[in-house]
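Taken straight from TrEMBL:
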DOMAIN    42-293  domain 'G-protein coupled receptors family 1 profile'
TRANSMEM  24-50  transmembrane segment
TRANSMEM  62-88  transmembrane segment
TRANSMEM  100-121  transmembrane segment
TRANSMEM  142-164  transmembrane segment
TRANSMEM  197-222  transmembrane segment
TRANSMEM  243-264  transmembrane segment
TRANSMEM  276-295  transmembrane segment
């Protein structure tokens with residue numbers, strides 16, 4: 001322990017793998033490696049395809065590029081500590097390093113939520129106002145939206161590390177996961193954490209919560225527009241452009257909401273459930289998103305096939 005002024009801070013935290021399955025960590029690392037490899041390669045391929053295909057230089061695919069970059073960041077944030085623990089049983093993470101990892105994990109999560117909202121807005125404009133879509137979502141507008149998303153995440157989460165550093169920690173130093181998460185660190189403190197809880201809830205509801213509400217509203221408006229279309233073929237064609245985005249929204253928000261509820265209200269939830277939901281939240285979306293868009297997006301699939309054919313030729 002290090003004495004620092006009027007309060008105590010641990011020099012490091014101890015990370016946990018999968019409770020009760022510690023002996024199987026080397027074997028469990030195999031599916032984790034597959035997921036990380038899929039996330040890294042898949043998102044890099046998506047970025048390469050969009051970068052090298054002029055026909056994909058439009059708002060929908062600019063937002064998809066932002067999503068791919070965010071997913072790469074999320075995968076790279078948790079990969080070192082997770083595989084380090086599974087492969088080499090490296091459980092120790094320095095206090096400041098833990099706060100840094102936590103900050104970037106939360107920033108990237110908030111950015112992903114905001115990008116999914118921007119993609120929902122793009123689908124709404126494309127379906128409800130197709131003729132005005134190029135004028136509304138110009139390249140400069142997309143760039144401004146991207147900058148606003150990043151600044152929103154950075155500024156709203158900036159106080160979190162300082163709120164954690166002011167706390168006194170004593171006794172327990174074991175985290176619930178192989179990465180650092182704000183509620184997890186906060187619950188190790190033996191001081192009053194009401195400010196942390198209140199600020200965390202306000203930020204979560206005003207960012208991710210509002211994003212989810214606006215995504216739902218966007219799809220309500222999209223459904224109203226689709227229902228008004230004259231033919232069944234037009235309805236299906238319009239809805240088909242949203243399938244990939246709906247899948248990405250579900251894959252991201254369901255485990256995120258579940259993990260937030262467990263950390264705040266699930267005192268009696270088994271540790272194994274908590275751990276599995278956390279891994280699902282942070283590892284599954286980066287791995288599945290490029291697969292979803294490669295399968296469902298005709299333009300991405302065709303561009304990928306053209307790239308493969310060129311390499312073979």
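Every residue number used here counts from 1 along the chain in the order it is shown.
Cβ atoms are placed via backbone N, Cα and C, with glycine included.
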Inset, instruction - With pairs restricted to those 6 or more apart in sequence, evaluate whether the transmembrane segment (197-222) and the transmembrane segment (276-295) have 3+ C-beta pairs under 8 Å. - result: no
Legend entry - Stretch-averaged pLDDT - the domain 'G-protein coupled receptors family 1 profile' (42-293): 91
